[in-house]
Structures are given as C-alpha cells and as structure tokens.
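A.B. asks: Shown below is the structure under consideration.
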Amino acid sequence: MRSGGRGRPRLRLGERGLMEPLLPPKRRLLPRVRLLPLLLALAVGSAFYTIWSGWHRRTEELPLGRELRVPLIGSLPEARLRRVVGQLDPQRLWSTYLRPLLVVRTPGSPGNLQVRKFLEATLRSLTAGWHVELDPFTASTPLGPVDFGNVVATLDPRAARHLTLACHYDSKLFPPGSTPFVGATDSAVPCALLLELAQALDLELSRAKKQAAPVTLQLLFLDGEEALKEWGPKDSLYGSRHLAQLMESIPHSPGPTRIQAIELFMLLDLLGAPNPTFYSHFPRTVRWFHRLRSIEKRLHRLNLLQSHPQEVMYFQPGEPFGSVEDDHIPFLRRGVPVLHLISTPFPAVWHTPADTEVNLHPPTVHNLCRILAVFLAEYLGL
C-alpha cells in the first residue's frame with residue numbers, strides 16, 4: 001500500500017501533458033508600412049496553430065475512428081426537477097436495496113451469488129423492461145481458478161448510444177478469522193443508488209424506450225474489483241477487464257462494437273460516508289463534472305438537500321490528489337470517456353471492518369441520489 005492511496009498503485013492513466021503556451025513577442029515599435037502584413041501573418045499563424053492543436057489534442061485523447069459526441073442538454077424546469085426528486089424513496093433505497101447487499105460477498109462465495117441473483121431479480125422486475133445479461137467467467141487468481149459474474153442491464157439494447165453507470169458489487173477478501181467485511185461504502189451504497197435510480201425513474205425510462213430515444217441508460221454491476229491477495233495488474237479488476245474485452249468484440253449498430261456505444265462511463269465508488277469530496281479526474285469529461293456541481297448548487301438553493309450547509313460541498317474545483325486504479329481503467333484504455341465519482345480522500349472506514357451500515361451518513365447518501373437523479377433526467381431528456 002502506498003501512502004495516500006487506495007492500496008492501489010497511483011498511476012496517472014488517461015492524462016496527457018499540456019502544451020506550453022506560446023510566448024508573446026517582445027513589444028517594440030514597428031514601421032507603419034509593415035504593420036498590416038505582420039498582423040495578417042500572425043492571424044494566419046494563429047488560426048493554423050488553433051486547428052493543429054485541436055487536431056493534435058483529439059489524436060492524443062481518442063483512439064483512431066472514435067468520436068466524442070457532445071450532447072446538448074438543458075436544465076430541468078423547477079417543477080419537473082421537484083417531481084424527479086420527489087419520486088425518490090429514501091426508505092426504499094435503504095431497506096429494499098441497500099440492506100440485502102450488506103453481506104460478505106467475496107468472489108465465488110455464497111454471499112456473492114446471493115447478491116448477484118438479487119441484482120438480476122430486481123432489474124428484471126422493473127416495468128421498463130430492462131435487457132438483463134449475466135457475464136459469467138472463470139479467471140486464474142493467486143488463489144486458483146475463481147468464478148466471477150458481471151450483471152449488465154441495458155434499457156434499450158437497440159439504442160445507438162449508452163450512458164453507462166457502473167459500480168462493483170464484490171467485497172474485499174480478508175484472512176480467515178477476520179471480522180466480516182461488508183463494504184458498505186465499498187461498494188454496497190453505489191449498487192443501491194443505481195437500483196433506486198432505475199426504480200424511481202421507471203416510468204420515464206419506459207417512455208423513453210418506447211420513443212426509441214437515441215441514448216439509453218445502461219447499468220453495470222461488476223464482480224472482482226478487489227484484489228484477492230495483493231493489488232496488481234493480474235490481481236484486480238477481474239470483472240471490468242473481462243467485460244471491457246468482451247464488449248470490444250460484440251458488434252453493435254451503428255457500430256462497430258458495444259464498447260464504442262458507450263457515450264459516457266460513470267463509475268461510482270466509495271460513497272456513503274459523511275462529507276465526501278469529488279474532483280474531475282479527466283479533462284475530457286470535465287463538462288459533466290461541472291454539470292453535477294451545478295445540480296448540487298441548484299438543489300441546495302431550492303432546499304432539496306439535507307445536512308448541506310454550503311452551496312457546494314461535494315463537487316470541488318481543482319485537481320485530484322492523484323489518479324486511482326479502479327474499474328474504469330479497462331474502459332479508459334479503450335477510449336471510453338470516463339467520469340469517476342470516487343470520494344477522495346477515501347473514507348476513514350475504507351478497507352476496515354468499520355465500513356458498515358452504522359457508519360454511513362444517510363443524508364449524504366440521499367443527497368447524492370437526488371443529484372444523480374436530476375443528472376440522469378437532464379442527460380437522457382426524461
């Protein structure tokens with residue numbers, strides 16, 4: 001484990017160096033007759049540099065043949081916003097969705113299978129008619145072969161583009177005899193948030209599906225995020241590595257593959273402790289981070305957030321302390337735009353037996369659910 005980290009190597013993945021700004025020319029007095037040609041030359045040079053730098057930036061950030069669409073979305077009218085927030089049910093989130101997840105659910109364990117079946121059954125019960133798939137596989141681990149299974153739910157698999165929300169549902173393995181670790185923030189709460197969002201927006205999502213909206217919602221519940229022995233490239237991210245590779249090979253119309261249908265990949269992790277702070281990890285998706293920040297401000301001004309004394313508490317400006325290896329990495333490496341919603345610094349209960357329901361902060365959980373619900377409604381035009 002490295003200081004200040006998540007027990008994971010702090011690699012600056014997905015980042016690029018910034019080009020040095022052009023130095024302004026030294027000021028001097030020029031003959032009047034040469035001024036116009038010089039200004040024209042500077043204008044042409046500036047235009048050329050702007051075009052070149054924009055092209056160069058795109059070639060650094062995007063793999064060949066991949067384009068980044070920038071959807072035009074508007075803010076919800078206040079009445080509609082209040083209706084969306086009012087459809088969320090804090091009691092349902094906590095009792096119906098969160099508590100069944102608060103069990104030991106290490107990969108290959110009975111608890112892991114129990115939670116996987118719960119996720120599948122819950123998603124299949126929604127009236128919007130989600131297309132639910134299981135991605136089972138066996139992987140070699142330091143403990144020998146282990147069975148894993150990702151749950152993939154797509155509202156409308158025929159849609160051209162996907163807004164993908166993801167989290168991991170496995171819990172970290174501790175030595176025999178250790179206090180049971182249920183990973184409330186890591187990542188039972190993110191899983192419960194996704195289920196509550198899908199249920200609360202069920203009618204709106206059903207309507208969007210019937211209207212064949214070009215962008216649909218996709219939910220990924222990933223297995224095997226945690227290392228089974230010691231974090232490394234071959235002992236971590238089992239589910240996301242397998243699923244990203246699989247999605248890269250499955251055709252999707254208009255194509256070419258499922259992974260290229262992902263318009264934005266939002267990964268939720270380490271949520272539920274009091275006073276979380278989030279930072280934008282990737283310049284490519286900073287506009288969506290700013291959108292979440294704006295929604296937090298707006299909900300605060302409308303008195304729709306609890307235990308929220310300041311206008312902005314969660315979505316902070318500035319640089320994160322460092323990059324974190326998490327389930328977004330296999331997708332990021334394939335050119336998928338990533339918005340990483342992980343609390344940094346990590347919660348004090350991280351990877352300790354204290355990461356339980358009693359140490360969660362319900363107002364924070366419900367506030368994040370409201371912010372995400374408004375974000376989904378605006379992004380998808382619900």
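Note: Cβ is positioned from N, Cα and C throughout, glycine not excepted.
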A.B. asks: Pick out which of C167, C369 Swiss-Prot lists as the disulfide partner of C191.
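C.D. replies: According to the record, the bonded cysteine is C167.
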A.B. asks: Pick from H351, H361, H366: which one does Swiss-Prot list with D186, E226 for the same Zn(2+) site?
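C.D. replies: Record source Swiss-Prot; matching candidate: H351.
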A.B. asks: Give the number of CB atoms, excluding that of D269 (active site, proton acceptor) itself, located within 10 Å of its CB.
C.D. replies: 23
A.B. asks: Have a look at the recorded positions C167, C191, E226, H351 and say which one has the shortest Cα distance to D269 (active site, proton acceptor).
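C.D. replies: Of all the candidates listed, C167 is nearest in space.
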A.B. asks: Using all protein chains shown, find which of the recorded positions D186, E225, E226 scores highest when you count other CB atoms within 10 A of its CB.
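C.D. replies: It comes out as D186.
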A.B. asks: Look at each of the disulfide-bonded residues, C167, C191, and point out the one with the fewest other Cβ atoms around it within 10 Å.
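C.D. replies: Looking at the disulfide-bonded residues C167, C191, the Cβ with the fewest others within 10 Å is that of C167.
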A.B. asks: Translate the DSSP assignment of D269 (active site, proton acceptor) into the three-state scheme.
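C.D. replies: Going by the DSSP assignment, D269 (active site, proton acceptor) falls within a strand, counted as strand.
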